[in-house]
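Feature list (source: TrEMBL):
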type: COMPBIAS; residues: 469-479; note: compositional bias 'Acidic residues'
type: COMPBIAS; residues: 487-496; note: compositional bias 'Polar residues'
type: COMPBIAS; residues: 504-514; note: compositional bias 'Basic and acidic residues'
type: DOMAIN; residues: 23-448; note: domain 'Major facilitator superfamily (MFS) profile'
type: REGION; residues: 228-247; note: region 'Disordered'
type: REGION; residues: 452-543; note: region 'Disordered'
type: TRANSMEM; residues: 21-40; note: transmembrane segment
type: TRANSMEM; residues: 63-84; note: transmembrane segment
type: TRANSMEM; residues: 91-110; note: transmembrane segment
type: TRANSMEM; residues: 116-142; note: transmembrane segment
type: TRANSMEM; residues: 149-169; note: transmembrane segment
type: TRANSMEM; residues: 181-202; note: transmembrane segment
type: TRANSMEM; residues: 266-291; note: transmembrane segment
type: TRANSMEM; residues: 303-325; note: transmembrane segment
type: TRANSMEM; residues: 332-353; note: transmembrane segment
type: TRANSMEM; residues: 359-378; note: transmembrane segment
type: TRANSMEM; residues: 390-412; note: transmembrane segment
type: TRANSMEM; residues: 424-448; note: transmembrane segment
Amino acid sequence: MGRRDPEEGQLPAPVKPPDGGWGWIVLFGCFVITGFSYAFPKAVSVYFKELMKDFHVGYSDTAWISSIMLAMLYGTGPICSIMVNQFGCRPVMLIGGLLASAGMILASFTTNIIELYLTAGVLTGLGMALNFQPSLIMLGAYFDKRRPLANGLAAAGSPVFLSALSPLGQVLMEKFGWRGGFLIMGGLLLNCCTCGAVMRPLDMGMKRKMEKTQDKYEAKEMLPIGGKSEEGISTTDGNKKAKKAKKKPKKGKKLLDFSIFSNRGFIIYTISKFILVLGLFVPPILLVNYAKDTGVPDTEAAFLLSIIGFIDIFARPACGMVAGLKWVRPHVSYLFSFAMLFNGMTDICSARASNYTGLVIFCVFFGISYGMVGALQFEVLMAIVGSQKFSSAIGLVLLIEAFAVLIGPPSAGRLVDALKNYEVIFYLAGSEVVLSALFLAMATYCCLNRGKKKEPPPEKNPSAGGGSDTEEAESDVQEAEEHSSDNHQLAHSTDNAMVATSEEANHVAEEQSREGGGCPEGDGEVLARDACNTDQTVERDRF
């Protein structure tokens, strides 16, 4: 991914995703990276009370640490895309792991809240961003047919790590204090480097090796005679140099490909995702305080988030399996719309829940719908733009989502302070999610599906980045096989024709010698030989 061909100065042709093998190791690495990226900003909140005492600040001041982490995770998407396209996924992930770990280690030595913003917020957030985006790109490179399942399993890392990091942080704070806890957390983030190290790029040189072997075979089969064989090999080398000279002016992959904005599906997805993020994260943020205001004890109120996380763990892989079914995958965008509609209606129907039982039911359905959305969001984007342009697409989408993250939850908090009513907030958040679902479904049906019916099917263009990587790789292999079979047939037909021509020339010479009207004898022996050779040469030239 992202490596340039040193011989031709351009990106090599895509390789068929293996859909297994080393891809399962890549999937596990993506699982760990996703867990750290989404769960770590929330798990850090267990240290906020100690930070408030040591630095004499308020809760809103310490909450900015998590907000800065999330803002860096979303807002640095284009920077990650540029670095991945320039240097590849593995080097970027290794640097990101070091930055994330260094941020938490340095944060353990800070003396004021501003230093915490710069270390735990900016540095660690940037490091996790440099890990999260490349891991998704590598996942799309290794999986095609099983990609929905792979995305669902990788997305399950978020609830699993949230369930593990929060209790672990509490234990570390009680035994070592917040400084010792930050130091140990920084050591744990070094595992991101290990995950980056296993992101082995696919073998892009397979096609070049096949072409070199094919050229050598072609020279040996077509020209078996010594002198002409050398001449043919030199001609083949000249043709290869001419091909390389033609390929050199071609440009490699852009650092950030803005041409994806010409894709109507990408525009529809981006608008829908922006509306979705405005309301998606509001209910879980306000849920605990809402339960406390209704008279639920603190311990039971905190347990509601654990219910959402537990359901989410199983919902994401299950939804990935459903999305991978043959009759579902072509319509995965509609399944994503259903997941968003399900989530929005859950918020609206649970807005008036006034007891603990009602809130538990809300958490169960919210966990299912939230897991479905998390499992499908990147799968839909990969299906729209293709893996060749996914690195640029996800960077731009995350940047746009960063604005929605900074608008949605803070605005909901201000409305709660102004209205003192959580019911209105749940209605508003649910309406935004439902609106995004309806927009995606209707725009996909009206703008994309109808357009496909009216317009003739376009020619396949591998450089366009759309479509399946498997289809592109299979077409390349099929063309190479057809070309090789043509060379076999041409070589055999050449040998047969040469044998037939020589036999025919010998037969004519014998008839001429029998009839006495052939080549002259005696002094004209040399002339006769030249004439006979001339006849044979003419016969071969006619062939």
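Here the Cβ of each residue, glycine as well, is placed from N, Cα and C on the backbone.
The recorded stretches the transmembrane segment (332-353) and the transmembrane segment (149-169) do not share 3+ CB pairs below 8 A when only pairs 6 or more apart in sequence are counted, and are therefore not in contact. Across the candidate stretches 21-40, 91-110, 116-142, 359-378, 424-448, the maximum count of CB pairs under 8 A to the transmembrane segment (266-291) is reached by 424-448.
At the 8 Å Cβ threshold, with sequence separation of at least 6, the transmembrane segment (116-142) lacks contact with the transmembrane segment (424-448), having fewer than 3 such pairs. Beyond the transmembrane segment (181-202), the same-chain residues lying 6 or more positions past its ends with a Cβ under 8 Å from any Cβ of the stretch are 1, 3, 15, 17-18, 22, 25-26, 28-30, 32-33, 36, 40, 47, 88-90, 92-94, 96-98, 100-105, 107-108, 120, 124, 127-128, 131, 134-135, 138, 141-142, 169, 172-173. Regional average pLDDT for the domain 'Major facilitator superfamily (MFS) profile' (23-448) in the model is 83.
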